[in-house]
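Taken straight from TrEMBL:
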{"type": "ACT_SITE", "residues": "GLU126", "note": "active site"}
{"type": "BINDING", "residues": "HIS149, HIS151, HIS220", "note": "Zn(2+) binding site"}
{"type": "DOMAIN", "residues": "21-247", "note": "domain 'Class II aldolase/adducin N-terminal'"}
Amino acid sequence: MSTSVMNSKGYIAGIEAPFIQQMSEITHHMWSLGWDELNGGNVSYLLEEEEVAKYINLREPLRTINLTFPVTELAGKYFIVTGSGKYFRNVIKDPEANLGVLRVTDSGESVEVLWGLRNDAVPTSELASHFMSHIERLKVDPNHRIVLHTHATNIIAMTFTHDLDELKFTKALWEMCTECLVVFPDGVGVIPWIVPGSSEIGRATADKMKEYRVVIWPQHGIFVTGGTMDATFGLVETIEKAAIVYNLIGSREIKQKITDRQLADLAAAFHVTPKAGILEL
Ligand code: 13P
Ligand code: ZN
């Protein structure tokens with residue numbers, strides 16, 4: 001295991017970089033919650049050139065990896081991503097083997113590996129979904145930086161027993177905990193089951209990202225986006241909490257619940273606009 005590497009230009013590319021630390025901490029935390037079994041889950045984090053340049057030599061790419069889906073919109077952009085087949089449990093112990101810092105080439109047809117992904121590792125197999133989601137979120141949110149995919153247990157369970165209509169799914173989550181509507185008034189998108197790692201699931205996810213920060217993958221997990229690691233993780237945490245409550249209730253009789261009127265009052269009090277077409281007043 002290496003903690004820092006001095007390359008020929010004298011740059012230190014090591015775990016002291018704040019973005020590497022943040023990726024190590026968040027992956028460890030998600031693994032400890034039981035959401036990221038085996039190599040489940042992946043994270044990508046859009047970085048500013050200046051922050052990368054402080055720690056990593058930008059002029060000596062280690063290698064180039066071709067993409068199966070061109071992303072011209074992201075040309076010249078920098079990302080730190082989790083590696084494919086890598087276990088979240090191990091990231092914190094050896095970031096350089098399990099994470100990679102990438103730069104998208106000018107053509108948008110490949111990425112240069114600037115740091116990490118040791119021993120010819122490759123970026124997450126969900127890179128299409130990540131990159132396509134970054135493109136759509138950047139169009140609607142200039143502060144957007146993170147795409148996080150995880151196999152949050154209770155969200156997966158809920159996709160077996162709840163209708164997959166996204167407005168109904170959103171409402172069920174809003175009804176489970178009072179804070180939910182305040183945290184995600186824009187709701188959650190839901191796509192059909194699609195083979196993971198494919199450009200098709202990438203396109204379907206990104207299409208929803210035009211409208212939503214969150215997309216549920218039935219019987220698989222969740223894709224969540226945000227401007228900071230805290231905000232992005234907090235969003236999954238909140239949705240997973242609602243799903244836990246939903247699953248705990250199960251088919252038991254509900255004696256009282258948050259009414260649509262109360263949800264509307266809550267939205268007014270917290271100055272958020274609930275996604276249209278859900279509350280019946
Ligand atoms: P990767 O190990 O390629 O990131 O895949 C994990 C996963 O969760 C696929 O959906
Ligand atoms: Zn997955």
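Glycine is treated like the rest: Cβ placed from N, Cα and C.
Curation plays no part in TrEMBL annotations; they are all automatic predictions.
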Checklist entry - In angstrom units, rounded to an integer, how far apart are the Cα atoms of HIS149 (Zn(2+) binding site) and GLU126 (active site)? => result 9
Checklist entry - From the Cα of HIS220 (Zn(2+) binding site) across to the Cα of GLU126 (active site), what is the distance in angstrom? => result 13
Next on the checklist: Other residues near the Zn(2+) site, CB within 8 A of the CB centroid of HIS149, HIS151, HIS220?
Outcome noted: GLY40, GLY41, THR150, ALA152, ILE156, PRO196, TRP217, GLY221, ILE222, PHE223
Checklist entry - In sequence order, which residues at least six apart in the same chain have a CB under 8 Å from the CB of HIS220 (Zn(2+) binding site)? => result HIS151, ILE156, TRP193, PRO196
Item to check | Densest Cβ neighbourhood among HIS149, HIS151 (binding-site residues), 10 Å radius | outcome: HIS149
